[in-house]
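Chemist: Sharing a structure here in structure tokens format.
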């Protein structure tokens, strides 16, 4: 995210600028030895550069002595204060510096023209940051993104940081020199320092392009692009298309890379080696880039191995800072409501045709009483307001508990049966599928803008009678709920029209009364399954919405899309309740935590984020995938999260410790759906490679020991045991698997469209 500096700190840095070179060296050393590894001095995040400042090709003012530089600085500060209407401060500064009002304006205009060097001269913030670069060798970006509240930072200000550059002919030498140094160090440090290559390569290339050195940029790219890790190939393909300064202005990927510091996690010993090398060589160009564009997260202890680094690398902005995963997460389950469950051997006969149990003397069900104790890791029951249980919800809960007593215990020796629903002749283009919790209905979203709902039980879909017919019904009769349904409308499926673009996500409410759908048209629609009509169109996204999910308790739902912002909604509010911003690319999938206090989002920036619904904070950032993430699943106990991506891997995460604890390899294409069995013993994954795979999740979680030391250092030793954990692979003829669902009795349902 852009770092917003305090204006007063920036001014302080400018006013204190003329320091001796020796003093500046001391400041730099203190900054670099900062125990947190966060290279920011006390002055509002402004980082002093080495004493030898690189010159700008666009050349801010070329006047000779320090007097002219001081004058320029004063004029820049005055301009900034005037723009922001700090009238008192302007008068005081003008009086103390002895500047007349007329000369102030004329000199200010000259300064703007020279300092911007041909760029747009209207932004005083930009002028100020340039002036401070001239006098203190401070990165120009420090004051740049001070435009909080806007979706995108000012492109000219963001790119202006690349104007501070050296001789283009030396760039290959700088990079080659660093490469030789890294290859010459001990093996234990080499893997860690090799992480520098990719971000330095990108920023050096962009500097050359920005300053119109097209030939040198092309030669630099061709010489070193082949050295980068294979999982950055897609990003390099985008980068190779940026060959002129004009190309950079509207490029989203570039702005993401530029405005979010690339995070590297390096041990203190490796970092000291790097620092010593750059100081000895006076390699200021690379040092400037490290200070401006990289965040080095230093930890004490042994350096990490190549495999440990590779397992966490691959995201658009490097690894997550360790601080990002330190917040307390209440991952436990909420206490279940007290419900008396009538159960006996004849309960099947004891049901009437509506599925309601006969009135018998109630007795407590063992399944129901299991979660009555308060989980110590659970949030408070009233931490977020949840909807009250209606009578129909209680009846459904009773049915759920009765089904649970007949649930099959799964494991390596007792794998689930799999029932596959194949959509034949789906020429409309099947894009999304969902099942109701009781597995009675299935919904499909299609590329022709329609949503279709099918009944998968003998009971047909019926809509409510018209208003005129409803007036004729005796509202006091016992079977009033049956009488309001129109038998003439009964059919096996219904088509819902309303979207004006392909439908990318569908989700049933837990009570089976509503269905959500999201579309390329930027809306999320709520449909009634009583009338099969659209009740609400939620408009908040300006671009396609890729996914939407109901909360396990109903009422709340989440949506995410191309605008990179996830939104939390309530069914009775037409505006979002929360907006979760932080991803650097499209949000491709969303999932509620079982306790409904958190929501996970997966993104094309190759990270998974966990958000706290109460305050909107991001409490976990998980990196490790090498491609956009398309599926998420929480374990039933709320302790673990599984994610699947286009890289064909399934990664397992410990939410409490904020660590990756497993990697499941086997799929050869995008993992499009993940689902845990009802008790969490089995993880099922469905992929575009036309297979369903079953994994032993109990063994995967039991094999990992996550102690506090591991959590603090991020030293994860992932066992290479995918083949041991794989319990079965089930091929379809030619049907990509786009949805999985475990029934209440642990039968696995899968769905996809046949691809001839």
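Every residue, even glycine, has its Cβ placed from backbone N, Cα and C.
Values in this document were obtained by computation on a predicted structure and should not be read as measured data.
Got these off TrEMBL a minute ago, pasting:
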REGION    1-24  region 'Disordered'
REGION    36-70  region 'Disordered'
DOMAIN    166-294  domain 'TFIID subunit TAF5 NTD2'
COMPBIAS  341-352  compositional bias 'Acidic residues'
REGION    341-389  region 'Disordered'
COMPBIAS  364-375  compositional bias 'Basic and acidic residues'
REPEAT    423-464  repeat 'WD'
REPEAT    496-531  repeat 'WD'
REPEAT    538-579  repeat 'WD'
REPEAT    580-621  repeat 'WD'
REPEAT    622-655  repeat 'WD'
REPEAT    664-696  repeat 'WD'
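Show me how these features fit into the shown structure, please.
Modeler: Averaged over the repeat 'WD' (423-464), the predicted model reaches a pLDDT of 89.
Outside the repeat 'WD' (496-531), and at least 6 residues removed from its termini, the chain residues within Cβ reach (under 8 Å) are 390, 392-393, 396, 429, 431-438, 440-441, 443-453, 463-464, 537-550, 552-554, 557, 559, 561, 569, 571.
Panel annotation: around the repeat 'WD' (538-579), residues 151, 386-387, 501, 504-511, 514, 516-526, 585-592, 594, 596, 599, 601, 603, 611, 613, 616 of the same chain, lying at least six beyond its termini, place a Cβ under 8 Å from a Cβ of the stretch.
Each residue of the repeat 'WD' (580-621) gets a DSSP state, and the totals for helix, strand and coil are 0 helix, 24 strand, 18 coil.
Secondary structure by DSSP for the repeat 'WD' (622-655): 0 helix, 19 strand, 15 coil.
Within its own chain, the repeat 'WD' (664-696) is flanked in space by residues 404, 407, 409-412, 415-416, 418, 420, 627, 630-637, 642-646, 648-652, 722, 724-742, 744, 746, 748, 750, 752, which lie at least six positions past its ends and keep a Cβ under 8 Å from the stretch.
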Chemist: Let's see if you can do this one: DSSP helix, strand and coil counts over the repeat 'WD' (538-579), in that order.
Modeler: 0 helix, 22 strand, 20 coil
Chemist: Can you count helix, strand and coil residues in the repeat 'WD' (664-696) using DSSP?
Modeler: 0 helix, 19 strand, 14 coil
